[in-house]
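This report concerns only the one structure given below.
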Amino acid sequence: MPKAIHLIRPIIPIIPEVEKPTSAIPFREKVLWTTCSLLIYMVCSNLPLYGVQRARSSDPFYWMRVILASNRGTLMELGVSPLVTTGMVMQLLVGAKVVDVNLDAKEDRVLYMAAQKVVGLLVTLAMAVAYVLSGTYGDVSAIGLGNAILIVAQLTAAGWVLLMLDEMLQRGYGMGSGISLFIASHVSETIVWKAFSPITINTGRGTEFEGACLAFFHLIFVRRNKFQAISEALLRQNLPNLTSLMATCLIFVACIYMQMWRVNLTVKLQKARGLERPYPIKLFYTSNMPIILQTAFVSNIYFVSQMLYNQSPNSPFIKLIGEWAVTSPDSTAQYSVPVSGLAYYISPPATFSVLLHDPFHALFYLMFTLTACAVFGRTWTEVSGTSVRDVARQMRDNQVVMKGHRDTATAKILSRYIPIAATLGGICIGLLTVLADYLGAIGSGTGILLTVTIIYDFYEAFARENASVNSMMAQM
């Protein structure tokens, strides 16, 4: 009986694909392709959608936009959400054996990548249709069927461009993955903007700068009471303050420090006797994937919950999933927040006072985030080729063994470290995320954790590439 994944074979010729590089890509060229991908993303993030009737409706993804690298009302409305959701769907299908695939076989690997693209396109199309039907851009009857189809086409095309950019980078033409690159750039932009934004806002106590750093110096100069000025700069409400900025820096430092935690196992090559090298197993063994998957999971719950609530706000069952209310912190934006139900309890407390007022919410959010990150971290190793079984097979194929042990003991030794690192690393990432949310860090705890881990991964890739170039230059 043929495998289910083989059903994708007839359409493989019409699926766009980025060819693998036939030779090693020079380091400068990798930097160039990475920069070009980032520029394309940034241009799409600022190109408005055509056919949108209104932009000042309630934003269902307000809390997730920084993390999903999305920008409302533009071609990047969906951000990386379809890509991450596709990864989750494929992970569940493989884990449930619905898709039986052997990634060691070339044919299965090609079919799996083609299936992933098809699922990615279908997920993007489904999200685009759901956005339009939910009234995000106005009632379909008001904007017209033609404009509705055009909006869906724009969002689908932009999602496909993002998917191809991600594939190009992962094929080896650039550094890292597109998902990581786009998220890091979006979160970094948000943090820098909230620290140094020159926009002025009338708060009722006078005109203040939006940026926390500019506001601090401005308040010092205009307030007669300098202690009151410092207090306002540190603790002002509804605008970025220095306390949030310092919390952001603290989480950055803590995450970078924990990135260095690792266990070094000594391995040796059977071909070259006496040649030994360390094999590091980092605490963050699965990098930032647990928090990326957890974010995509929560964002989908938010979207479905709000869409159902808008259709039937009085249904008791739908209220269990989530009840929403529209709030507006200023005159330029409106956004929806969950006020009860599952969606409320899996969202971080908005402020420290809210945390103290509803400790069960804080505890539930903590346990949910830690559990989800641990489960996703452990599961990701099974579908990404980094499980004990996969690593042991790779070592055996490369004739690498653990020092002081037979080659048959490699899997047993790895099983002492890899599952623990995957689970504990996911828990630690979740814990840092919750801590950042509780401290009110700029960009949200999830966004900061993603950015730090992504930037650190890019730094390590840059260091490896640079060392490789220097080694080649030395041999010439």
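From the backbone N, Cα and C atoms, a Cβ is placed for every residue, glycine too.
Bear in mind that TrEMBL entries carry predicted annotations, made automatically and left uncurated.
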Which range of 73-94, 205-226 is transmembrane segment, per TrEMBL: 73-94
Sequence-remote partners of the transmembrane segment (31-52) [C-beta within less than 8 Å, at least six residues beyond its ends]: 25, 69, 71, 73-77, 137-138, 143, 146-148, 150-151, 154-155, 158, 161-162, 165, 168-169, 173-176, 178, 181-182, 185-186
Averaged pLDDT, computed only over the residues in the domain 'Translocon Sec61/SecY plug' (39-73): 75
Tertiary contacts of the transmembrane segment (413-432) (same chain, 6+ residues out, Cβ under 8 Å): 251, 254-255, 258, 263, 265, 281-286, 288, 290-291, 294, 369-370, 372-378, 380-381, 386-388, 391-392, 402, 405, 445, 449, 453
The transmembrane segment (114-133) touching the transmembrane segment (242-263) per 3+ Cβ pairs under 8 Å rule: no
Contact call for the transmembrane segment (438-459) against the transmembrane segment (114-133), three or more Cβ pairs under 8 Å: no
Interface-richest range of 73-94, 114-133, 283-304, 362-380 toward the transmembrane segment (145-165), CB pairs under 8 Å: 114-133
